[in-house]
Amino acid sequence: MKLTCVVIVAVLLLTACQLIIAEDSRGTQLHRALRKATKLSVSTRTCVMFGSMCDKEEHSICCYECDYKKGICV
């Protein structure tokens, strides 16, 4: 009975610690550009090639960066 109570308290304490840590780290992600590039590399969608024509829609779909003045993917 005592051991069960100790285990329950330990689990509750560890759960609380995990929630506190997760809440504190929200919005502090480092290297966002790297994460974006990683997401694009594992994407199953067809991407436009570098130097291809792009606009805001294509840029948001796949192009890493769109030079809107020239209208090309860089």
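Positions of Cβ are set from backbone N, Cα and C atoms, glycine also.
The disulfide bond recorded by Swiss-Prot for CYS66 reaches one of CYS47, CYS54; that cysteine is CYS54. Separation of the C-alpha atoms of CYS73 (disulfide bond) and CYS54 (disulfide bond): 6 Å, rounded to the nearest whole number.
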